[in-house]
Every structure is written in C-alpha cells, then in structure tokens.
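What follows is a set of notes on a single structure, which appears directly below.
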Amino acid sequence: MVANTDNGASPDIQCRSLTKAFPGNVEVLRPLDLEIAGGETTALVGPSGCGKSTLLRLIAGLETPSAGEVLIGGVSPAEMLRDAGLAVAFQDPSLLPWRSVRGNIELALKLARRPADPRAVEDLIRLVGLEGFADTRPGALSGGMRQRAAIARSMVTRPRLLLLDEPFGAVDELTRRQLADDLPPLWEKRQTTTLLVTHSIGEAVLLSDRVLVLTPRPAEIIADIRIELERPRAPAVTGSTEFRRLVEAVSEALAEGVRATKPPLAAQ
Amino acid sequence: MIALADPLPERVRRGASGIVGTIVILLAWELAARALAGAYILAAPSDVVVHILQNSDLIWRALRETLGNATLGYVLGNLAAIGLAGAALAWPRAEPVVAGLALLVFCLPLVATGPILRVLYGPGPGPQITLAALAVYYTTFVPLLVGLRAAPASWFELLRSYGRGRLAELVHIRARASLPYLFAGLQIAAPAAFLGAMVGEFTGAERGLGLLAIRAIRALDIAGIWALASISAAVSILIYTAVGWLSRAVLRDPPPMILAPPALPRTGHAQGLAATVMRTAFVLAMALLLWWGAMTTFDLNPFFAKRPDDVWVALFTATDARETRETLAGALGETVVFLLPGFAGGLALGAGLAILLTLAPALTPSATLIAVALRSVPILTTAPLIVLLLGRGAAGTITLVAVMVFFPTFVACLHGLRQAPGQILDVFSTYAAGPFARLWHVQVPVMLPAFFAAARMSVPASVLAVTVVEWLATGRGIGSLMALSASLSDYDMLWSSVVIVSVLSALGYAGIGWVERRVLTVFASEQVAR
Ligand SMILES: Nc1ncnc2c1ncn2[C@@H]1O[C@H](COP(=O)(O)OP(=O)(O)O)[C@@H](O)[C@H]1O
Ligand SMILES: [Mg+2]
C-alpha cells in the first residue's frame, strides 16, 4: 500500500552526464549516465572511497553536481526533498542522542510533516528487532542496533525513494540475515524504489534486482548485472548455483575494475 | 538498558570528604590566626563569626542588595549573550563583527567603566547591574555559539533529506545540542555576575557588600574584611553549585568540554592577513560608530560623556596631549610589569599542576573538588585579603593576577586532559606505553584547546584583577590612574585609558587566538578543521 501517489508511486532515477569533483580537484564521478527503473532494488557495489556515498548523496539532493543532472520521477531531487518523498539511511546512523529509539523514529514523521503513527513506529521497531529498546537512547546501543534504528527511521515515512548507505555495516550476521528476509518484501509491497550501497557482494545479490559495480575513484560503472532470482528469496537461495554464479560475476567485475585502474606492481 | 550505577555512595563519600576538609581548613585557619594575633593580617573564624553575628542586619541588607543587582545583571547579560549568539547564527557573515564587538565590550576595564557609568546613570543600582551584565555575557556567548554548531553534519543532512530548513535545524538540533554549552556558560556566569555587581559597588554605590568591603579596607577592620570575603566566597560557591545542580537536573547527561572556539571564526571567508586587518578595521569602525551614536542619541553631557573625537583630541591634538600620552604610557608600563608575570605564572601553574595530577591520578578527585570550588570564588572579592597577606608591593599584585588566571586554567586543563579518548589510550596500553608517552601523544594535544580557551578568557580577567588591586591597594599603574582620574573628574584621561586598555586587551585576546591556531594546527588539527 502506498501512502501518496501524486508523483508516481515508484519513481525512476535518471542520471545524465552526472559529474562531481570536490575542491582540490578530487574527481569523484566522471560523467555518469544511469537509469534505474521505478520500484526496483538496485545495489551499488564498489571499493571503498570510490564514490558510492557521493553518488547516493547526489541523488538525495544533499550534494550539487559539478555538471549533469539527476531526475527522480522526472523532477529534481530538490523538489523530491520538498515533499519528503525520499529518505536516507546514512552510513553513520545519525541518531539524535537525546531522543530514544522511538523518539528518533517519530522525529522522521514530524520532519516529514506526517501525522503521528504509533502503530507504524512500533511495527518497524519490531521489524528491525529492537523491541525492548524503544525507550533506550542511542548512547546505550551497540553500533549495529543504532544502524537498525536508522533503517527503521528511514522507512517510517513510507518514502517513494529509499537510499541506504551501507545500512548493515555494523549489524551482526544473524540479524543481517533476518533483515535480508524481512525488508525486501516490505519494499516490494510499498513499491519503493530502493538504492542500496554496500560492499558486501553477497548482500548485494541477495537483496537486489540489479547490481551496479563501480570502479575505484573516479567511479564508473564497469558492470551492470541483473539478478533474476525469484522473490521472495528463501535463505536457502544463497546455496544455489545461480546465486554463486552471480556472486562470482560481481566479484570478477570488481577485481577487473581495480586491475584496470591500478598500475601493475612491476611498474611501480 | 543502561544499568545506572547507584550514585549515592560516591556522593556521600565526596560530601563527607568535603565536610572533613572544611573542618580541617577552619581549624588550621583558627590556629594560624591565633598564632598571628596582633599582626593585623588574619582574623580567626571565630572572630569572623562574631563579626557577622554582630553586624548581621547590615550584612544581610547589603547581601540582598548585591544579590539583587547581580541577579538582574545575570539575567540581562545572559539574554544579551543569547541574542548575540542567535544573531551570529542567523547571519553568519555578521559573526566576525558581532564577535569582535562583543570581545571589545568584554575587554572594557570595569574599574574605569564603573565610574563612567556612575556619572551616566546618576545614583542608584544602574552601574552595578550593568557591570554584572558586562561581566557575564561574553562567557555565555562564546560557548553558546560553539554549542549551536556542535552537531555533526550528518544530523543536519538528515533534516535536509526531509526537506526541512534552518528553522527545523534550530528547533530539533541546535537548541538541544547547545544546552550543555549554554549551561556551562551560565554556571561560570553566576559567580561572575556577583563579582561584577561588587566591582560596581566598589565604584561609589550607596549600598551593598562592595561598599561594606571598601569601608572595612579603609578602616583596616580585619575581622570585617575576612567576614565579607568569606561571605562572598560562600555565596559564589553556592550559586555556582546551584546552577551546576540545575544543569545536571535538566540535562541528565554531563556537560561536555567547551572546545576552543576560534577567536574569530574562519567560516569559509577570505583568510589571511589582509582579511584579518580589514575585519579588525571594520569592527573598530563599527565600535566607534556605536559609541558615538549612543552618546548622541541619549544626548549625554559631553563633559563626562566623551565621544571618540574627544578622546582623539585628548590623545593627539590637545596642547597637553603629549603629557596625557606619557602619563598613560607610564601607568601602563607599571601595570604590565605585574600583569605579564602573573598571567604567565598563572597559566603555567594551572596547566602544570593539571598535568602533574594526571601523572598521579590518585590525587585528582580531591584536587578537582577544591579547584572547582575555588574556581567559583570571584577571587577579586578576596583582593583585600591578598593585599593584607602579601603587602602592597609586587608580590601581592602578581599573586593576585596569577591566582585569577590559575583556577580557570587548572580546571579547564584537568577537564581537557580527561577528554582523551579511552580507546586511544587503550591502544597505548597495548603497546605498554608509559605515562609520559600517553601524556605527550594523546593527553596534552587533547588538552590544548581547553588551555588556550582558558588563556584567552584570562586576558580580560587578569586586567580586571590587576586594575582592581592597583585601585584598591597599591596606588600604582593604570588602575590607580583610572581611580585618580575618576575622582578628579578628568574624564578625558578616564575615557582614554578605557579605550587603550580595551584595545590592548582585545589585541592580547586575538594574539592568543593567533598562537592557538598555529599550535593547534600542529598538535590537534582536527580541532581546527571544524
Ligand atoms: N566533501 C568532500 N570533500 C572532498 N573530498 C570528498 C568529500 N566527500 C568525499 N570525498 C572524496 O570522494 C571520494 C569518494 O567518497 P565516498 O563517496 O564517501 O566513497 P565511498 O564509495 O566509500 O562511499 C573519496 O576519495 C573521498 O575522499
Ligand atoms: Mg561511503
């Protein structure tokens, strides 16, 4: 079920000649063209420092491109921000330390000018496995628990575009598997366009419909791999040959990207 | 859930050690007084109590008067600080000017501002209240401005990702994130307001503790001097503790370190010497304009309400301009000879003792307790005592300046040393690094911002200390010149000395800021990059 449908329920993303350089000639994105279909879950995989977060932040409208443009459902990120149509789970969970887990999640609703929704808040707290910690402040949570609170916060406003920046980096393996089971069906049900940055290849393949592999900085897309695994994906899928083939393909592309940019040892 | 450790035993232990300590000090004091009886230096606690009981009506009325003025000044000064910080936040481009003007006003020598305010206001509590406000607003303004920005960029991005702007930032992040900083400022401000009101009373009030203190000094009423100093100290410790208690009740989590706020912010504006000179010139021009504007708007009598051009004439074009300059320079010279050693000594002792205590951690809790208590005493209210004990010469003055600088520096450095991240210290432990390695590589760099912040704030404080002693006791230097000019109604000289002392103090403050940035760039670059 989708809360509001005015700009289209699941917006597509278009990046046209998107370029980003930071002061001091740090070139992060070469002109990048990218189309992401609405309602899909796309994973961005690449070596750390290649520009994944920067790309995500450009799409979120938190960073202005040096050249080129981003369109989300045909409108600019700024416009998307204006009616709180997207949500970001940042790499650093960014919870306000003086608010409890529940308070932080509720804050998102307030910021997005949505009515309070205690049911939705409690449901999400349970979904990310933080029941019993709703009234705890972030200072007393582990890194993984904080990240889960941030995931819950990013979903409470039912964003049409969900941007997740390494959301499971500090989450323990068991909980991570649980989340990998629980989150995608919800995204599918809400027809959320989801962009997931991760450096875990397995996670990328397991969660997404499409994996984009980036080269080291400046980031270029070196591989665009469709994941045709059936949904819902049972945990057992990770044992299938198809899954292993896809993981192999992604890691091959990753290694290829690194090889292409890194001078061979002998030349150093 | 956090398992909250039961705080009671710790509190009880500290309370008990406090009581025991107080009793020991009182006993030693009594014995020393008995031993020195007849020397006209030390009044025994028993004499002090007797004096207070005998004069309880008088003292009580004076205390109420002083507290009333201090409270009003405290409220006004802090409101001004909040307003200034809000303005600097709302118009970041105006911040250098706001901060510069605020610093310049903070550097006004209260000893000379007092008499000027006295003639401007006429009789009544106006000057005391104004001086109390002047004594507090800057120490609230600076940490508050830091606090309003003390949030990671990602929190602000979170708000932006929901399409919200600066108002939401203020409501959801800045207001709350700055609270600990605001309270830290409010706590320091509480005894400072009391001190400001007393200095106001030194300069010709009809009522109040300051007036009683002046009378006791004139009459060499040893029991009276000690009684008034004890009462001021006790009241200051009480209000300091009360505000601290209030802040803990409101905040629940302990207040953070006040990190070094840059003397002038480097928020993406043009850097470099030229820009600094331009900014300084602009601030000075604004100051002159405001000064002239205020005098003209209120249509104040130019006999005592001097304008900028009057001071210019007095210093440069009048027939006696040369004499005026020489008198000022001579007095300044006398002052600097006492001020600089006291200032440097206070800084060195404060930082040194803090570092020593870190090497001997067992002593730290009790030392901190004592220092925090004494930190809250406006040392100046005890100036008469120090003069009594050490005489009217160099020793007394230098000691007083050093003491004035020592306590804030010591407390800030101890606090700074404790900010060393536990994880990094753990890393050092895994390499079996000794205490000196930890000190040099971790703790001292972490301490530096706090040290410099204390050093900067100590500039006006030490000027206040030296001028008060000169004025109350030694009869030399710029403080004495100010007092003399005030009593002779030589307003040209009085205003000139105000201008010179404020500008020199502000320059000293900015100079320490300059050194600070250079040192921090080397030792603690992450503190500068903010
Ligand atoms: N604000 C910035 N200023 C300068 N360089 C930046 C900034 N943000 C990121 N970078 C640089 O851009 C590159 C990509 O960063 P990022 O997008 O965070 O990488 P990652 O793929 O690990 O998320 C890095 O080399 C980083 O140093
Ligand atoms: Mg990243």
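Just so you know, glycine gets a Cβ as well, placed from its N, Cα and C.
Any TrEMBL annotation is an automated prediction that lacks curation.
According to TrEMBL, the feature domain 'ABC transmembrane type-1' maps to B:59-247, B:332-516. Among the features that TrEMBL reports, transmembrane segment is placed at B:20-43, B:71-91, B:98-117, B:129-158, B:179-203, B:223-251, B:272-294, B:336-360, B:372-391, B:397-417, B:446-473, B:493-515.
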Tell me if the transmembrane segment (B:179-203) touches the transmembrane segment (B:446-473). I count contact as 3 or more CB pairs below 8 A, with pairs 6 or more residues apart.
yes
Between B:71-91, B:98-117, B:223-251, B:397-417, who has the most Cβ pairs under 8 Å to the transmembrane segment (B:272-294)?
B:98-117
Between the stretches B:71-91, B:129-158, B:493-515, which one has more Cβ pairs under 8 Å with the transmembrane segment (B:179-203) than any other?
B:129-158
With contact taken as 3 or more Cβ pairs under 8 angstroms (pairs 6 or more apart in sequence), are the transmembrane segment (B:223-251) and the transmembrane segment (B:71-91) in contact?
no
Mind pulling out the one from B:20-43, B:71-91, B:98-117 with the most Cβ pairs under 8 angstroms to the transmembrane segment (B:129-158)?
B:71-91
Which bits of the chain, at least 6 residues beyond where the transmembrane segment (B:98-117) starts or stops, bring a Cβ under 8 A of a Cβ in it?
84, 87-88, 126-127, 130-131, 134-135, 137-138, 141, 145, 196, 199-200, 202-204, 263-265, 279-280, 283, 286-287, 290, 304, 459-460, 463-464, 467-468, 471, 478-479, 482-483, 485-486, 491, 494-495, 497-498, 501-503, 505-506, 509-510
